Each structure stands twice: as C-alpha cells, then as structure tokens.
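Trainee: As listed in TrEMBL for this protein:
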type	residues	note
ACT_SITE	397	active site, nucleophile
BINDING	278, 279, 280, 281, 282, 283, 284, 300, 326, 344	S-adenosyl-L-methionine binding site
DOMAIN	190-447	domain 'SAM-dependent MTase RsmB/NOP-type'
Ligand SMILES: C[S@@+](CC[C@H](N)C(=O)[O-])C[C@H]1O[C@@H](n2cnc3c(N)ncnc32)[C@H](O)[C@@H]1O
C-alpha cells in the first residue's frame, strides 16, 4: 500500500499579503485577521497588536484596521445572519468569514450613519484582499458574488435578517436573555446603549488644576467639551491622546465618568493606608493619589498589567507600592491593616461593552458564576485586612446581579458589614448631561472592635 502524503494545511494567519500599505484591501484583511483571532478567544486589543506586528503596518493603516475591526465587532451578529442567508455553509477559514463580515460592516452601517467608503470600492477591495491570501484566493468569486448580492437585495435581506434577535441586537442569545431576565423593563435600552460609540472622557488631575480651568484650556485649543462631574470632562469628538492638552504632563487621564466615582466614595484623608486590590491598569489608583496624600499599595495578579500601573502613575508623577500578587491570598500582606480598601474585582465586564464590543462574543454564560466565585473569595480575603471602622468599596463593571448586588448582599450578610450609601447598579447612559459605563458600587464599613 502506498503511504498517504495527504496533509492538512494550517491556516496561514501570519501571512503578510503583498498589498499596498495604505489600501483598503490591506485594512480589510487586517481587520479580518483580528476578527478571526477574537473568534479563537483572543481579546480584540491583543488581536490587533498581533496583526499590527505581523503585517508591520503604517500608523495610517493601523487606524483603518482598528476602525474596521471595531465596526465589525459591533455588527457581528447582523453580518453572521446575513451571511447565513446568502451562503449554504459557513465560510472557512475563519479569516474568510472575518473578511466578509468586515466588508458587510462597511456596506451596511448602522441606521443614520454614513457609509465610510463607496460601496463599489469595498466590494473591489474585498475581492482584491481575498485574491492575495493563499488560504482563500480560490474564494474570490464567492466574495464578489455575496457582496454584490447584498448590495442588490439589501432591503429584503436586512428585513429578513432582523427577524432574528442575533441580527437585531448584535449580542449572543444568552446575553440577550440574561439582560432581559435581569432588567425586564429596560433590557432593550441597555442592549442599545452597548452598541453606541463611547465618548472620550477625561479626569482632570485635581492636584494640578481645577476642572473649569481645564475646560478653558480645551476651549482655547478649539476642542469642544462638557463637564460631567467634579473632575469628569467629556469631549464632543474623540481625539488622539497626543492631541489632548496636558495629557503627557499628567494634567488629565482618560477615564469613564462612572469610574471616576470610586475615589470620592472612598472618603480619603491625608495619611491613610489604602489598598487598591485589583489595580491594573491603574485608573483608580491614579485618582486615589490625586485625591489625598495617602500611602497606597496597588496589587494586581497580572505582572504585565501591573507594569501599566507604574507607567500611568509615572505620567502623573505619583507613586504607590506595586505588588504582583493574588488578592485571594494574604501571603503578600505585611499584616498592618488598611483604612480603606478598593476591590475593583475581575468580572464579565458586561457593563463596558460599548468600549469593548468584543466582550460579548468572547464571554460564555458560565463565566458569570466562575467570576462571581473568584470575586467572593477576593472580597472575603480582603475583609481581614481592613481596620475596624475602615471602609471597603466593592466595584464591578458588570450588569449581572450575580456579580454585583447579589454578591454585595451575600458579602454583607457573611461578615455582618455595615452597608453605607453608594450608587449601587449604574446602567450605561449616553448623552451630553450624563454619560457613563455600566458599573456597580457597594460600600461597606467594618464594625468598631
Ligand atoms: C476591573 S480590572 C481593574 C481596573 C482598575 N481598578 C482600574 O481602575 O484601572 C480587574 C483587575 O483584576 C486583576 N485580577 C484578576 N484576578 C485577580 C486576583 N486574583 N488578584 C488580584 N488581581 C486580580 C486583573 O488582572 C485586572 O487588572
């Protein structure tokens, strides 16, 4: 018998196609590559940095790849259903599917938003991109046929697609069901809010200047902005951080207005010992140090993410003791209790999907319970580190009650903790007056000894 030489060829995801650096074809292929990696379980920011490095792209191409990848993520459900209506089997490999979804996202922008490119350019460049990739050059006629059919039959195809919740909402079915179960009267508004483009919100460094003075600086620079809170300023149009006045000198940081509630709730006084137990990348650590002269310990289990805390505090000219450790354990603790503890625990991040549209496609339903179990262990461990009369602020960026209110109620009961006033569940909101992610805050005080 002759030996079989048949081999299965692994997809060449790292292959750099020979396409012009500033072409839409390269941008579509880069986005398709990132989307395929997200399907494989990689978060979109990491997927994009891999693509930028293997494709060795120009800054301009990076911007285009990123923009298309984020658009594609926001409309992945709708594009998947449309593809299901136009093809007999799911396009393979994953990058071909990603290419079609990326092209559809450009051809089929959300209602009332202009298409970013001419339709014929998108089709032409998507076919060109397919033709240049060895894994699916054979499918270039299919890419052409599918995209042209979409343009010809768009009203009928989208009407048919929108009958399916996956296309209507652009979330997996379990996510839609969970939102509906938790918020029977508001689930539609919550899902819509997660599909809105987030604003760029800044936190003004109160050590350096006041918020009105910074608004005046922005106005002088011709940047339109509104005040959202004591230190929160929302830009009318997002800009690159390099164009934000004073960013590099630590006058401001990028931080959602909802996240800016943490430091004031901690009721900080000079001289306190404070623990930020899940600190990376350091947004709240920075705010704590801007608010009072405290002795801050910032802990995070991920040493690479902890390095970002050092960078962020360095830009602000502030310092904390940085510890790479597991907040479920006390092995790293010197035994001296803290006056204040911030527990911004790991969670499903279901409240920040407008900033991270990949999260809904990466998460599994079972993650909620797993993460709630981890965070309850973290909270129980931290409680022993708090002084009598001290305060612990529990924060999540989740919308699921299992991770938030149910967790807070169970924690208070387990430890006989006093529950102080705090916002509780903040639902995501977009607008000039109120604009924040979906976060949860519960504040506990330890009884006097
Ligand atoms: C919601 S993020 C924190 C955001 C941060 N507080 C800020 O404002 O920039 C949660 C963090 O918890 C960290 N983490 C996850 N499990 C942990 C554990 N067991 N112990 C300590 N940190 C953990 C993650 O690495 C992640 O950086």
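Note that the numbers count up from 1, one per residue, in the order the chain is shown.
Heads up, the Cβ atoms here are built off N, Cα and C, so glycines get one too.
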Trainee: Out of 278, 280, 397, give me whichever of these recorded positions has the highest number of other Cβ atoms within 10 Å.
Mentor: 397
Trainee: Just to be sure I understand the packing, how many Cβ atoms besides its own are within 10 Å of the Cβ of residue 326 (S-adenosyl-L-methionine binding site)?
Mentor: 14
Trainee: Can you tell which of the binding-site residues (282, 284) has the fewest other C-beta atoms within 10 angstroms of its C-beta?
Mentor: 284
Trainee: How big is the gap, in Å, between the Cα of residue 284 (S-adenosyl-L-methionine binding site) and that of residue 397 (active site, nucleophile), rounded to a whole number?
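Mentor: About 13 Å separate the Cα atoms of these two residues.
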Trainee: Looking only at the domain 'SAM-dependent MTase RsmB/NOP-type' (190-447), what is the model's average confidence as pLDDT?
Mentor: 96
Trainee: At the Cα level, what's the spacing in Å between residue 326 (S-adenosyl-L-methionine binding site) and the residue listed as 'active site, nucleophile', rounded?
Mentor: 20
Trainee: What is the interatomic distance between the Cα atoms of residue 280 (S-adenosyl-L-methionine binding site) and the residue listed as 'active site, nucleophile', given in whole Å?
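Mentor: About 14 Å separate the Cα atoms of these two residues.
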